[in-house]
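Copied over from Swiss-Prot:
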COMPBIAS  94-147  compositional bias 'Low complexity'
COMPBIAS  186-195  compositional bias 'Low complexity'
DOMAIN    1-326  domain 'SPX'
DOMAIN    585-785  domain 'EXS'
REGION    94-150  region 'Disordered'
REGION    185-208  region 'Disordered'
REGION    793-871  region 'Disordered'
TRANSMEM  382-402  transmembrane segment
TRANSMEM  416-436  transmembrane segment
TRANSMEM  471-491  transmembrane segment
TRANSMEM  499-519  transmembrane segment
TRANSMEM  529-551  transmembrane segment
TRANSMEM  591-611  transmembrane segment
TRANSMEM  620-640  transmembrane segment
TRANSMEM  655-675  transmembrane segment
TRANSMEM  700-720  transmembrane segment
Amino acid sequence: MKFGKKLRFECVSEWHNKYISYGKLKKYLRYLYRSDLKQIGEAEEAHLLINGFPSLSDSQEQFKQLSNSSSPIFNDGSCLENSLDSSIGSNIIQEQSQHQQQAQQQPPQQAQQQPPQQAQQQAQQQAPQAQQQAQQQAQQPEQQQQQDLKESFNDITGYSIDQYEDTSNLDEKTPLISILDQSRPTTTTTTTTTTMNTSAGSGIFKNKKPKQIPTISIPVFSQSERERLFLSKIDEELRKINEFFSNKEKDIILHYNKLTEHCSLILKDRNPSPKVLKNIQKAFGELYKGLTMLENYVNLNYQGFEKILKKYDRLAPMNSSIKLDQMERIKLEKFHSSKSWRNMKEDVELLYCKIFKLDKISIAKKKLAPFSESQSADYHMLKLGFAIGLSIGILAFVIILFTNKSLNQHPDWTRFVSTIPIFRAVGIPILAVWLWGVNVYIWDNARVNYILIFGLDPRTSIDHRRIWKTASFLTAIWLTMFLLFCGTVTGNFALGDVPAQVYPLVLVIFFLSVVFFPFRFFHRKSRTLLFITLGNVIITPFGSTKFRALFLGDLLTSMVKTIFDFEYTACYFFTGDWMINDSTRCNQVNSIALPILSGLPLLWRFMQCILRYRETNNKIHLGNSTKYAVGFSVVLFSALNGNYQAYEPWSASRILWCVCFVLSTLYMYCWDVVVDWGFMWLGKPRPLLRHQLMYKRHMWSYYYVLFSNLILRFAWTLTITRIPFELPINSELFNTITASIELVRRFTWSIFRVENEHICNSIQYHAFDFSEAPWKNEVPKVESPKSLLPLSSSYPYRQDNFNNNNNNNNNNNNNNNNNNNNNNNNNNNNNNNNNNNNNNNNNNNNTNNNINNINNINNNNNNSPSGSNSSINNSFHLGSSSYSYDNQYSIWKKSSKQYYSTSLIDSIKKKFFNNNNSNNNKK
């Protein structure tokens, strides 16, 4: 895989603007070293103007004005005829200049013997000779002359003239820029050339006259200038990467410090609550995810610099390689030389083992891995193909059953119509699973981080293949039950003596068991998260307002018919109507329940918007709540006008209902387009769209959704109201069609809604979420490096320092006043041990919180036994260890807290490795 594609698919999508601009650097190298230039983009031409070089657009405009309109003209303003004439004329001028140079480069003795008059006469004699040679060249045979013209055209332009002999190819974008030899300085001048008369012999262009043409040229740099310009680009990329890396590293350090503090409290508590452990486990996962992303950021940028420098060495002349020197310099840059994030990653693994009582670091790495290692894609695709094939076969039987008149003799349409809502109540959620898989597939291909947006666990989230596999099996079961029911109702076939009304009941029981039973199949963790989110929506004033809860609330507003069908299903089976084949009572109940059930999702979303406004104080949520209030008014007027028939005259309330119907639809459409999708930017380069798009390869989809959403919004309004007009088809079939269309519209809406949310996260470079961490209200946002103060402290032990622990302790005990112990005590409870340390001259009183006094801890020791394995070094500077957090800490960070946190990590490391060594010795 090429590195450009690798960078596009492996980078953190929210940080893509902060990675190395590999594509732009490749274009810039192509500009510096290649003569057959393609069209130079706006960024490259702007760079030329900034550096004081002439722009190509001015020369092209002059060339268009002077070129003949009857000649074949290319898109960049150049003319084929003029280019050929200029090439031939330039060849003649070069020959003349060569003769003059030969005349001037004669031996010095002859030049001294010849008087000036003779030298001038000799030069005048050589000039006609050059003209005679040009005439002889013009009198060559026609085929040879055409071949010479083609060769001269190819040498200058880099393009073959054969592709231009056909006039159909003249409309293609083939720029023609005359470029001077790289060994000479270039100038943009207008020269008069003496061209040969092509009407005599050339079969390509006839009756062409010599004319004054401009020579378009671009700057040709020397090797030193090329190297200087390229290295300036490299320096710009390094500054961008180092600045972003520093900010993200500081942000991770803040959360790392808070994590160690809370872990120390958990270790003190012998029986922490499950909720605390769950929250701290999520915090561990997010911190490890951030460290993994930072590692990915460093590795990809380093590979990018290595690749682009390799390309530079390939294009540059011999003996001008800069790759080795520059890579040594890049290794010393902050983003690559920093060891803080590497050491933190090791410490997080050890701390996770201690908190959750794991024996091996490999187990902790597996649990902390940000992405799960699922089964192979081929395995899931095999199951998916089997289930889809089974579903297609059953669907074919259903179609034959309804289309073949010889089979459909005596159908029981009353029973069939009464059970349509039951099959629809199960079928619409299955369709939603299919559409969710389509959305996940689109987001994955477009690199939209939906996992972060919905707050999912990347270790347990399921991809589109597994979603489609589950949906295909559910579809096969649904079609099987529907086929058996239809065969029994029509009297064509039956499964023994089983009555037709049993099949809908079996389908409902199976569906509920799959959804609610806590078995380890059908993605139990995903189902659990779905029910938790659904509970938050139902108890909205007291629930969560995360994005997934808001998204599920919007989805429920589109599944009003499904909610209504579940109510009908419960009534149909609990009242016993399915035994007597009578749905009269349930229909009467539905006339009352429909307005209530239709308004519940709108009421939930309305309260969610009010709660969001209370939390964020953002007035845009009030506008969103108004949207749902208007929709609720449509439901209210529909309930008041539900008894009207199509032939009855229109009353004032009915007219008001229609007005609310239209206004609510238009209001919701405008809100979808402007706020939820972020469209309607009136300007270039994309009218009616936003500046940044994630689905650029399918630009038509944006304009399609702008049009289709307006039409399908009216279909949604029909799903929450009664239909006060007659229909040419059965009402249950019409409800099924409108419910399916509305569900498709909602999931189409979600594709662009999540895209807009992802772009908002990308603007803030928000790639990991600590919103559920125990310290979510304690850590300030890292806006700029100015909010951080330097703290001269080094990072504690690495794993390779444990074998030399005694040597490190001896190096740190040079300033003791009384005792030379091999180990130090690095606890935050130094004041509690003052009564037992009478020989230390009150060394343990250094528990002040001043940042500048942290280093004084290196001079203090306790009277612990010198050979104790459980002793902990209290020094931050451990011998030759130079692993530091780059001396950057937050202003709110207390020195005593950091002192305790590092001692906690040290103690965990020492105990962990001592236990491992003892186990190895026993073996």
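Start at 1 and count along the chain as shown; that gives each residue its number.
Each Cβ is built from the backbone N, Cα and C atoms, and glycine gets one as well.
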Spatial neighbours of the transmembrane segment (471-491) far in sequence, C-beta under 8 Å, 6+ residues away: 383-384, 387-388, 390-391, 394-395, 397-398, 401-402, 407-412, 415-416, 419, 423, 426-427, 430, 433-434, 437, 498-500, 503-504, 506-507, 510-511, 514
Contacting positions for the transmembrane segment (529-551) when only residues 6+ beyond its ends and CB under 8 Å are counted: 453-456, 604-605, 607-608, 611-612, 615, 750, 753, 757, 771
Chain residues outside the transmembrane segment (416-436) and at least six past its termini with a C-beta under 8 angstroms from it: 467-468, 470-471, 474-475, 478, 481-482, 485-486, 489, 501, 504, 507-508, 511, 555, 559, 561-562, 564-566, 568-569, 572, 577, 581, 583, 730, 732-733, 735-736, 739-740, 743-744, 747
Range from 499-519, 655-675, 700-720 with the greatest count of C-beta pairs under 8 A to the transmembrane segment (591-611): 700-720
Tertiary contacts of the transmembrane segment (655-675), as residues 6+ beyond its ends and Cβ separation under 8 Å: 620, 623-624, 626-627, 630-631, 633-634, 637-638, 640-641, 706, 709-710, 713-714, 716-717, 721, 749
Whole-number mean of pLDDT values that fall within the domain 'SPX' (1-326): 62
